[in-house]
Structures are given as C-alpha cells and as structure tokens.
Amino acid sequence: MLVLFETAAGYAIFKVLDESKLQEVDSLYKEFETPEKANKILKLKHFEKFQDTTEALAAATALVEGKLGKSLKKALKKVVAKEAHEQLAISDAKLGGVIKEKLDLSCVHSPAVAELMRCIRSQMEALISGLPPREISAMSLGLAHSLSRYKLKFSPDKVDTMIVQAISLLDDLDKELNNYNMRCREWYGWHFPELGKVVTDNLAYCKTVRKVGDRTNVATTDLSEILPEEIEAEVKLAAEISMGTEVSEQDIGNIRHLCDQVIEISEYRAQLYDYLKNRMMAIAPNLTVMVGELVGARLISHAGSLLNLAKHPASTVQILGAEKALFRALKTRKDTPKYGLIYHASLVGQTTAKNKGKISRMLAAKTALAIRYDALGEDTNAEMGAENRAKLEARLRQLEDRGIRRISGTGKAMAKADKYQHKRRRRRKRRQRRNLRSQRTKRRKCLSVR
C-alpha cells in the first residue's frame, strides 16, 4: 500500500512496509513513538518538492476544492508508472474520487488511514529526509499567510460587506436628502411659499428653484423639461400673486447651491440603488425575488453577512429588526411582534391588516429557504425564489377571496343557516337532557315505593 501525505513543502508518497499494523487502529500511535519505529513501518518512495510559495498555494487551493493539481498529478504519474497495482491511502475521499477518475488508481480512505496520517505528522521530520525543520516551519508559515490572503480575497463574506456598506450608505443618503429638502423648501418658502404647494416632488422642486431663482423670472422661464404643462401654468399664475418676501441675490445664490447639492445627491442615490440591485441579483437572487433588493439587503446588513443570515431559522427572519418590541413584549407579557424588516416586503404590504401576520410567517419560511439556497447552493439562478413567490401570491389571493366571500350575500346566507343549525342542535340537546332527567326521577320513585 502507498500513502499520499501533503505538507507545506511538497507531496510525500510512502510505502507501507507492514500493513498488519494498520489493523490495530487504537494502538497504532505506539508504533510511531520514535523515529526508528516509524521507519520500520513506512519508507519514503518519492517526494515532490514545491519550487516556491506560489506553487504551494496553487496546490493547497486545489486540495481545498477537491481538485487534482499539476504537481500532485506529476508526482502520482511517477509512482503509478512503477507500482500501478498498489492501493493509495489518502486523507480526503473527494480527492480520491478525482484520482481514481483521472489516473485509474485505486484509493483508500478509512479511520485507519486517518490515524496513520496523524502518526506520520508526528514523525514527519524523521520520515522525510533532506528537509530541515526550520525550512518546513518557514514554508508552513508562508503557505498559511498566502492561503489566508487568498481566502480573504475571494471570500463570499467579503462580497457581502459591499451590500452591507451600500444599504447603510443608501439609508444615510435618504436621511440627508430629507433634511436638505426640508431646509430648501423652508428657505425658499419665505420668498415663494406657493411653489411648495404646487410642486410636491422634492427633486422637481429643487430643479425648478435652481432654474428660476427669483420668482420674478418665472414668467420668462421655460419649465417644460421639469414640470408638466398644467403644473407649469399653476406655478406661473402663483408667482404673479405670491405673498412671499423679497430676498437678495446672495440669498438666491446660496439657495441655488443647496439645490445643486440635492440634485447631485439624488443622482448619486439613483446610481447607488442600481449598483445595489445588481449586487443583490448576483449574490442573493432568490432572496431578491422573494422580498425585494432593499429588504433583502437590510436583512443581510442586520445579520452581518449572507452566511450568518442563512443560519437563522424562519421564526427569527420573520422578526429580524423588531428585537426591541420583542423583548418589551416578553418583559410586559404582551403579544410578541409578528414582523420586523420583512414588513416592508411588497407581499406583506399589499395584504389586508387581518392577514399580514399569516403572510409574514409564510414569507419568512420561504425566505429562509431562499437565503440558504443562495448562501450554500452552487446555482446562481432565481427559479426557486420565483416558484415560491408564485405559491405565496396564490395563497394570498386565496386568503383575500375567503374574506370577500364571507361578507358577500351568499356568505351571509350561509352564516344564517349555520346559526339556525346551531340553535336546532342546542334545542335537541336540551330536550335530551330533560328526558334523561325525567327518567332518573321516575326510577328514583320506583325504588322508593319498593
């Protein structure tokens, strides 16, 4: 039997001299207590040394992914050419399947092999000749650093941080935009207060103020690119009869500068939203289909990463974001909240107040499945999310139809019929109880006469 042993310096292939020792798994460590004992069981057949850290990193990543690297393939081909009939003991069963498929070499993986690998590791310096302990230690440290950098660079969790940062920035921009819009309306309202009532959209208001400036310029300014015709006509009419105070050119200049800031931030927010939508569809397509990109991103941000979110059960996903309300309800012994961040999903929003709890519970269950599929699955399509969403929409229609049927004419007639049947049952039960009581009294009288 041959043994494939991976080290930071290269691949070592040993020949097992006494296979009978491998059958005694519990006492195998005793045969490796000293280098002399270990050399009686194993003999080094071939050692394929790595040329540099880059080659070692490539080999390590291939092993982690269960693939056959170039250096390992080269080492095995040298051994296979000489001893093709021998079995190869390996530590990873997945790698054994690849070796069997590519090189047609029989591989063995068992508890005895795992114990043998631990024993070889304990006497590695003595079994692999020509490698000083200092060199092995330096190569191990270098490979560990390189592998950590590689994993950090391509980690799915690090991609999640982009979503977390983007949704946090989007919320901050919304707050800043609200403050700026309020300040702009209040500031310009002293000069032209009627404009705020006519133009309700904040971005259109700021564009109008930037283009018009002083209200006396409204009559000569073309606002057709910003406002519809009827609203433009209202603005021009309101400017003629405005009750606002007069302001200086310096004040108008500052207000215009504020409007520029609002327009720039709004454009950047739209760009950031598109970026977030694309990232969510790439990383969590099923979650995005179920609850939307904004709610999905907030759930990921609240949990810390997509993998952390995948570890939460559906009951936690349902109330994620409502922790304060949950603990307050537990403390005061009142009803616990039925939804948290998931309340803002479109499916919950379009439901009547009576069915919001039911739909949020069902949506949380399907969303938990979608999150796990996105975090741990290999596919990147959104078929499962679309299928589950269609089921939830059908269930929502069923719940809404049931509510409508109850208040319709047929429903009222059925309710009256049920009430009538219930009264008849009650009368029948009363009659039976009365008869039973009379029978008992008759029986007692008969017994007393006797």
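Glycine residues also receive a Cβ, built from the backbone N, Cα and C atoms like all the rest.
For reference, TrEMBL has these:
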type: DOMAIN; residues: 283-401; note: domain 'Nop'
type: REGION; residues: 410-450; note: region 'Disordered'
type: COMPBIAS; residues: 421-450; note: compositional bias 'Basic residues'
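Model confidence over the domain 'Nop' (283-401) is summarised by a mean pLDDT of 91. Helix, strand and coil counts from DSSP across the domain 'Nop' (283-401) read 88 helix, 0 strand, 31 coil. Per-class residue totals from DSSP over the compositional bias 'Basic residues' (421-450), listed helix then strand then coil: 29 helix, 0 strand, 1 coil.
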